[in-house]
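These notes are about the structure you will find just below.
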């Protein structure tokens, strides 16, 4: 017995070991390394095309083996017999039976049989994309096994309508008057509070006052020695304020038609100008990166709001905090505490220079125009609301909004776009036409403003003209339909 056991052990030890090729050993090593060090450990390995083809052919044989070799007539007879047998088994009901939770779980497990739903044909709205349906004899609907590939019930869910506000229909605007008179680029505009006249500042160093109703020239003021970048008309005094590239800020008395005060302090050109609505102070911003606050009567500089890293090119004032809001070429918008003379908040949403700001006349919101986007913010906290739904693809020199919720934006390429304020939908894209004798490159709009009533728009352009726009009275929603598609997703920054 012991000898027999020893002989058997010797024979077992002497059995030849199965030779394994270097390729097989390396594959085993690869598999072990995948299990140990794979970054997607715990996930399924990528499918093998050959095994996938075998699995598909097996599934076809399992599901359709009994009918795949039949002729077309035999196949129709077979389907009709199956449908009749299923109708006899099913209880008579006019209700539509949809797959329940258990049925969907069975489908997701990859069952080999299709779910048969008795009842009338499901309308197309019920079966969304991702589920293929087939009506057999007008009574049976078969849902294919797409749940196996996409284990989701989203196709059966009801579509939720977009929550984006639908824009209000506005008639298109048309150009009804072109005024020529300046000898240089027209850079700035301001309206009289009585809405009887407006003034424009130009690169020809003059300020011209025009009649709103007729467009005729009423007065020309001279005194600046560089182009005039900013204008503002006081609501409580007979004063007109102007600022220009000559570092000067002037106060004009319109009863005497002459300069009565000058405000000295800017170290470079002055690009923007605004009046406080309730206090007798003046705000100016320029290339020295500072927004200066002036006392109108004493000509003294109250304070300098410093914090921007580049040119301050837009400013507006409010009666309540933040009382001063500035936009700069450093791409930021700053809210200022006027009492402390310090920054309250800095908005860094833009990627390009913020050349223009516009406060809504009735809402607590404002809009900022830049080459990257036109953005809407809330006040007083400065919360970002949304972008306008299109990109003007131009440097936006000026923006303006009226009480009807129509936002107008002027581009450096002569584009004039009109937007619905609430939804951000652009309902009209106009293009400035240069006057005869001008270069096509002079199709540029530097400034624009609505009149006090908000029914007329005036644009100041590089071809030395002033154009006046109004709504087209003949337009209707039928002649100019609203072509609006709500955004699928919108940026929150």
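Cβ atoms here come from the backbone N, Cα and C positions, even for glycine.
Annotated features in TrEMBL:
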- 69-84: compositional bias 'Polar residues' (COMPBIAS)
- 352-441: domain 'Nucleolar protein 10-like N-terminal' (DOMAIN)
- 69-102: region 'Disordered' (REGION)
- 179-220: repeat 'WD' (REPEAT)
- 221-262: repeat 'WD' (REPEAT)
- 263-304: repeat 'WD' (REPEAT)
- 305-346: repeat 'WD' (REPEAT)
- 389-429: repeat 'WD' (REPEAT)
Self-check item: DSSP-assigned states of the domain 'Nucleolar protein 10-like N-terminal' (352-441) in counts, ordered helix, strand, coil
Solution: 2 helix, 45 strand, 43 coil
Exercise. Could you give me the DSSP helix, strand and coil counts for the repeat 'WD' (179-220)?
Key: 0 helix, 24 strand, 18 coil
Self-check item: Secondary structure content of the repeat 'WD' (305-346), with strand meaning DSSP E or B
Solution: 0 helix, 23 strand, 19 coil
